[in-house]
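*Asks:* Quick one: the structure is below, and I'll ask about it shortly.
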Ligand code: F6P
């Protein structure tokens, strides 16, 4: 008989609830008790922050977006924001309080579902003795050691659908449409959706672009009578010798490169050019069937790790299997698009420009 806890941290991704359901049912079927910690680690420090997870609480949530536990990207126990009496805020290390609360609740293990930030926190808590199994989530697909993270393929579906829809209006008006997609400093969403949606130009952070090369592609099409173009740009993409664009530089919140590019392309080519940023639409709604499947497999695998007493690890997709790797390895670096990989080569063979 074990008593385990589950939390979700960082930005949401489609499939979080499917992991929660799979982990909960796998644990209950072993005769264990399961609890959810609300809003990452904050629930351990607040009254009413722990909720029992039962067959009833996880019923019918596999296809539901978001997370029934809530999430936050300001819940790092090693740097928790605290408001002082004078209204200013500072960060304090509350990791010892989190571990004490975890022990006081009598939990035997934590299944921590999160992206690189949350998995780094899990790694650091594991170093302090917390028995934790990580589960990788992010639409960005930028976690090392796992072929895919859940949420990614659904975000790609959403972006591909948007590109498909923009094709007909771009063609009708003979415009250039610039679609900005998420992904932080990795170009996975832009690359996969751009190729699947048959974009003409794909700009990713791994390949800094030149605006003149982008315009050259637009004008080559124009000369062939293709008087419209679709450009997919990752939010983290930047020009050669330049910097990424931020909507909030202080918070390092990426965004805005699509608008910048649209102005530059319109100015240089004389073509009417419009920009659209998909932003959080890419994180909303139901996971597709493959993301549901990965998420359910990850949740069940995390419970098998707990059963075997394997901690300080992260569940990873290693087709055709699900494996576990040390958290240390998973957070050592960000998984970027290999620029000499097959998908980039395929795009180039199809005539896609990367602006280089
Ligand atoms: O990591 C997921 C992600 O959606 C990134 O693609 C994006 O840069 C970031 O989170 C946005 O974060 P927030 O929801 O805090 O604006």
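Glycine is treated like the rest: Cβ placed from N, Cα and C.
What TrEMBL says about a protein is an automatic prediction, not a curated fact.
Quick paste from TrEMBL:
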- 3-305: domain 'Phosphofructokinase' (DOMAIN)
- 11, 74, 75, 115, 116, 117, 118: ATP binding site (BINDING)
- 116: Mg(2+) binding site (BINDING)
- 117: site 'Important for substrate specificity' (SITE)
- 138, 139, 140, 175, 182, 183, 184, 235, 274, 280, 281, 282, 283: substrate binding site (BINDING)
- 140: active site, proton acceptor (ACT_SITE)
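Have a look at these and tell me how they're positioned relative to everything else.
*Replies:* In the predicted model, residues of the domain 'Phosphofructokinase' (3-305) average a pLDDT of 97.
Around residue 115 (ATP binding site), the same-chain residues at least 6 positions away in sequence with a Cβ under 8 Å from its Cβ are 9, 10, 11, 13, 136, 137, 138, 140, 142, 143, 149. The DSSP secondary structure for residue 115 (ATP binding site) is coil.
Within the same chain, residues at least 6 positions away in sequence whose Cβ sits under 8 Å from that of residue 117 (ATP binding site) are 9, 10, 73, 76.
Sequence-distant neighbours of residue 281 (substrate binding site): residues of the same chain at least 6 apart with a C-beta under 8 Å from its C-beta are 158, 162.
In three-state terms derived from DSSP, residue 140 (substrate binding site) belongs to neither a helical nor a strand segment and is classed as coil.
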*Asks:* Pairwise over 11, 74, 75, 115, 116, 117, 118, annotated as binding ATP, what's the top Cα to Cα distance to the nearest Å?
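*Replies:* Between the outermost Cα atoms of 11, 74, 75, 115, 116, 117, 118, the distance is 14 Å.
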*Asks:* So if I draw a 10 Å sphere around the Cβ of residue 116 (ATP binding site), how many other Cβ atoms end up inside it?
*Replies:* 21
*Asks:* In whole Å, how far does the CA atom of residue 182 (substrate binding site) lie from that of residue 75 (ATP binding site)?
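*Replies:* Cα of residue 182 (substrate binding site) to Cα of residue 75 (ATP binding site) measures 22 Å after rounding.
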*Asks:* Out of 184, 274, which of the binding-site residues has the smallest number of neighbouring Cβ atoms within 10 Å?
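*Replies:* So among 184, 274, the binding-site residues given, the one with the fewest Cβ atoms within 10 Å is 274.
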*Asks:* If you count, for each of the binding-site residues 11, 118, 138, 182, the other Cβ atoms lying within 10 Å of its Cβ, which residue has the minimum?
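*Replies:* The binding-site residues 11, 118, 138, 182 were compared, and 11 has the fewest Cβ atoms within 10 Å.
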*Asks:* In Å, how long is the longest CA to CA span across 138, 139, 140, 175, 182, 183, 184, 235, 274, 280, 281, 282, 283, which the record gives as the substrate binders?
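*Replies:* It comes out at 33 Å between the most distant Cα atoms.
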